[in-house]
Amino acid sequence: MPWPFSSSSSAGSPTHSQKEDGARSKPTSWNDLLPKPDPPLHAAKEWAPVFLTSVASLAAFIFYQSRLRRFPTAGHIQPDLFRKRTLLGRVTSVGDGDNFHMFHTPGGRLAGWDWLRKVPTTKTALKGKTIPVRMAGIDAPEGAHFGRPGQPGAAEALQWLRSYILDKRIWVRIHRRDQYDRVVATVYVRRFLFKKDVGLEMLKLGLATTYEAKSGVEWGGAEEAYKAAEAKAQSKRLGIWNGEASTFESPRAYKTRTNETEGKKSEWFSGWS
């Protein structure tokens, strides 16, 4: 008989001690005591940050190696990058009408160059840190070197090139490394809103000839444009084409002649030794 002042629900519900007895009496197997494996989704959530961090680190390393790594000299450029990469840099010196030195600035202003990172300006600071570049597809008149007299038009070509690219940002599409450890490349500089092919501009003004060789000439895909510009400047008698055709000597012919002359001199002196 239930207590008159108690409710029927409380009378029918098990007591705390009865619950404990029921819990103790529930059979337990060995498998129930083993730790339950995490569901696949839960495991994926735990490992996802580690995986994503590894992938991001690898991607950052690859991006640095391919786009932000600075090449101090031509010797630091891997052979497999030639004909594939365009390097951004600043011209630090112009030594002749068709070659110069550049300081590689990968990433440009986005990587902090010119506002967080400065390009050195002194010869001492630049020593061993620049890439010598030989412009592809053209040959400017030879200046006075090693006791050789300079060609007509050499001073004009050098002066123009200095005014056009010295201390300027340039884009260099690299083709190969030559026997003098220079990078043979097609060179571009921004003029107002457009990028100009520097070699092509020199040909248009009659400041250079197309490179004369039977094989191994690097054109950068612009052979037709270069030869057309040369022919047009020649027809207008611009620059080096302003003199008599009968007395004109191309830079290639000049180098061949002077090399032969020096070779004969060395043979003559060796006969007296």
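Here the Cβ of each residue, glycine as well, is placed from N, Cα and C on the backbone.
A quick note: this is a predicted structure, and the numbers were derived from the prediction, not measured.
As recorded in Swiss-Prot:
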type: COMPBIAS; residues: 1-16; note: compositional bias 'Low complexity'
type: REGION; residues: 1-36; note: region 'Disordered'
type: TRANSMEM; residues: 47-64; note: transmembrane segment
type: DOMAIN; residues: 85-243; note: domain 'TNase-like'
type: ACT_SITE; residues: R134; note: active site
type: BINDING; residues: D139; note: Ca(2+) binding site
type: ACT_SITE; residues: E142; note: active site
type: ACT_SITE; residues: R182; note: active site
type: REGION; residues: 252-273; note: region 'Disordered'
type: COMPBIAS; residues: 257-267; note: compositional bias 'Basic and acidic residues'
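Ranked by Cα separation from R182 (active site), the recorded positions R134, D139, E142 are led by R134.
Fewest Cβ neighbours within 10 Å among the active-site residues R134, R182: that distinction goes to R182. Taking a C-beta cut-off of under 8 angstroms and a sequence separation of 6 or more, the residue listed as 'Ca(2+) binding site' has the following same-chain neighbours: D98, A208, T209, T210, Y211, E212, S250, P251, R252. In this structure, the C-alpha atom of R134 (active site) lies 14 angstrom from that of E142 (active site). E142 (active site) has a Cβ environment of 22 other Cβ atoms inside 10 Å. If you take every residue in the domain 'TNase-like' (85-243) and average the pLDDT, you get 95.
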